[in-house]
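The structure under discussion appears below in the form of structure tokens.
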Amino acid sequence: MKTAREADLEEEPPQENGVIQSTQDQHSSISPPTSTVSGAPDDEPFSTYFEEKVPIPVDVTQMFSFRKLWAFTGPGFLMSIAYLDPGNIESDLQSGAKAGFKLLWVLLGATIIGLLLQRLAARLGVVTGMHLAEVCNLLLFTPPSPPHSQVPRIILWLMVELAIIGSDMQEVIGCAIAFNLLSVGRIPLWGGVLITIIDTFVFLFLDKYGLRKLEAFFGFLITIMAVSFGYEYVMVRPDQGELLKGMFLPYCEGCGPAQMEQAVGIVGAVIMPHNIYLHSALVKSRSIDRGNKKEVKEANKYYFIESTIALFISFLINVFVVAVFAEAFYERTNIEVNAMCNASDSPHTDLFPLDNSRLQVDIYKGGVVLGCFFGPVALYIWAIGILAAGQSSTMTGTYSGQFVMEGFLNLRWSRFARVLLTRSIAIFPTLLVAIFQDVQHLTGMNDFLNVLQSMQLPFALIPILTFTSLTSIMNDFANGLVWKIGGGVVILVVCAINMYFVVVYVTSLSSVALYVLAGLLCIAYLCFVGYLAWHCLIALGVSCLDVSCLPSRVSNNRPSVLIEEQPEYDT
């Protein structure tokens with residue numbers, strides 16, 4: 001028989017600092033932590049997104065409702081902006097210029113893998129009501145715990161922050177180049193870098209007008225990108241047969257190391273670690289009763305449909321860019337481009353030396369060669385598309401940084417303070433390069449930044465697969481065996497591809513000192529990845545790896561360390 005105290009504990013389970021719950025009517029077994037902000041009341045709920053919740057229309061008679069789909073539309077499109085940032089655009093145009101249409105199938109495969117990973121992120125947010133950073137903080141390094149457990153938590157936060165700052169730097173570079181092209185060089189690159197500080201704060205005022213208006217603004221920016229790059233596509237008129245062949249035939253005839261490296265770069269540019277954290281938080285903006293299994297299942301369905309539509313649109317925009325440069329500039333030489341720029345009286349002729357080497361393009365040279373071959377209108381439209389890509393990605397980077405900081409550190413900063421910190425870190429090195437170096441060095445930073453973001457992928461992919469496989473927090477919505485095996489294989493392949501990308505980049509540095517430094521950093525990096533994987537395996541129930549609980553298992557045969565036991569009370 002149960003004592004009166006036990007009955008009271010069952011009726012009112014403790015919810016202190018996000019400890020794991022065991023109620024049966026809710027379809028989530030964890031609760032958000034309370035805020036640790038000084039001066040905040042103890043009973044103030046912890047919020048990681050806008051206070052506004054979008055209501056979902058009730059319609060019990062239809063299996064599918066466009067009204068409900070419209071209500072759920074928004075988070076997927078904000079997430080898809082990360083697939084359209086300046087780093088992705090540069091990867092697309094380089095793919096077309098180096099390999100023609102032959103690597104479109106890699107872009108398609110990377111986008112499909114990205115969709116599956118975003119599905120896991122959305123399900124975690126919908127089912128648990130918490131985003132990935134919060135769940136990592138609660139289940140991997142749960143207080144109260146030894147002081148040393150705070151160190152890996154902070155390291156994991158710093159790794160994700162590095163990815164966000166790297167993405168932010170790419171967006172600053174893209175915006176600075178767009179301003180320079182639109183002003184015909186009147187706005188120097190360093191001036192464009194400084195402008196990005198102001199416009200970001202201006203855009204932050206948009207969320208004061210409501211969540212749906214903010215989502216509509218991001219949709220408007222995506223529309224500008226689609227129209228801009230779609231105009232270039234229509235004007236160039238690429239070969240549709242070659243395009244379809246490159247998209248659905250997984251083969252790269254006559255490809256060498258340069259094309260293989262570009263294929264790896266496509267995967268690294270498309271799948272971004274901080275986007276997983278972002279999407280798991282964005283889905284919390286809809287009013288969903290997580291205690292109702294039907295509503296949770298319905299939300300998962302509509303979010304997946306919306307994400308599929310959003311990533312399909314982003315894929316088409318990426319295809320536009322690849323196809324334009326594949327049709328117009330594949331196997332072009334510098335001397336050919338130099339002659340065309342001379343004929344069109346372009347002021348950028350000196351960018352292309354008089355030799356027969358293959359044309360090397362970036363987002364700056366890409367606009368220049370479009371202007372040389374197709375007129376100045378093509379250049380300006382290209383710059384507008386790059387500007388829209390940079391501005392939209394800036395805002396999503398800001399929000400993902402805020403969610404990560406709140407989740408790992410239980411800190412709630414204002415968006416202005418958050419932007420001031422990350423944008424300052426991103427702008428300082430970018431501004432130095434813009435002032436003391438030329439545009440080639442500025443755009444060349446994108447390769448390093450892609451490598452930086454690729455190295456952070458395990459810190460998002462390993463946790464998201466782990467937590468969505470746990471029945472203790474996902475209940476009936478946990479990953480099945482096929483998803484566990486398939487997801488594990490996909491994550492291993494993606495991480496291996498990106499590690500190859502890192503090795504290729506490091507070996508191109510041609511410096512013994514840099515080799516030694518890179519080797520030491522790689523050892524530390526792999527140790528922490530192994531440490532994270534070890535914690536995740538323990539969370540999945542591989543209790544033989546949990547050394548700290550070895551004595552208690554021998555004496556008490558405890559089955560799991562994931563669910564935190566409630567303390568016993570003296571009667």
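Cβ coordinates are placed from backbone N, Cα and C, and glycine is handled just like the others.
Per TrEMBL, these features apply:
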COMPBIAS  18-38  compositional bias 'Polar residues'
REGION    1-44  region 'Disordered'
TRANSMEM  99-118  transmembrane segment
TRANSMEM  187-206  transmembrane segment
TRANSMEM  218-236  transmembrane segment
TRANSMEM  263-282  transmembrane segment
TRANSMEM  303-326  transmembrane segment
TRANSMEM  363-389  transmembrane segment
TRANSMEM  420-437  transmembrane segment
TRANSMEM  457-474  transmembrane segment
TRANSMEM  481-506  transmembrane segment
TRANSMEM  512-534  transmembrane segment
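If you look at the transmembrane segment (481-506), the same-chain residues 6 or more away from its ends with a CB under 8 A from one of its CBs are 113, 116-117, 120, 261, 264-265, 267-268, 271, 447-448, 450-451, 454-455, 457-458, 461-462, 465, 468-469, 514-515, 518. No contact links the transmembrane segment (363-389) to the transmembrane segment (263-282), because fewer than 3 Cβ pairs that are 6 or more residues apart lie under 8 A.
Distant neighbours of the transmembrane segment (263-282): 48-49, 74-76, 78-79, 82-83, 87-88, 90-92, 94-95, 99, 103, 106-107, 110-111, 113-114, 117-118, 120-122, 124-125, 131-133, 160, 163-164, 167, 252, 307, 396-397, 399-401, 403-404, 407, 450-451, 453-454, 456-457, 459-461, 464, 494, 497-498, 500-501, 504; these residues of the same chain sit at least 6 beyond its ends, with a Cβ under 8 Å from one of its Cβ atoms. Recorded stretches compared: 99-118, 303-326, 512-534; the one with the most Cβ pairs under 8 Å to the transmembrane segment (457-474) is 512-534.
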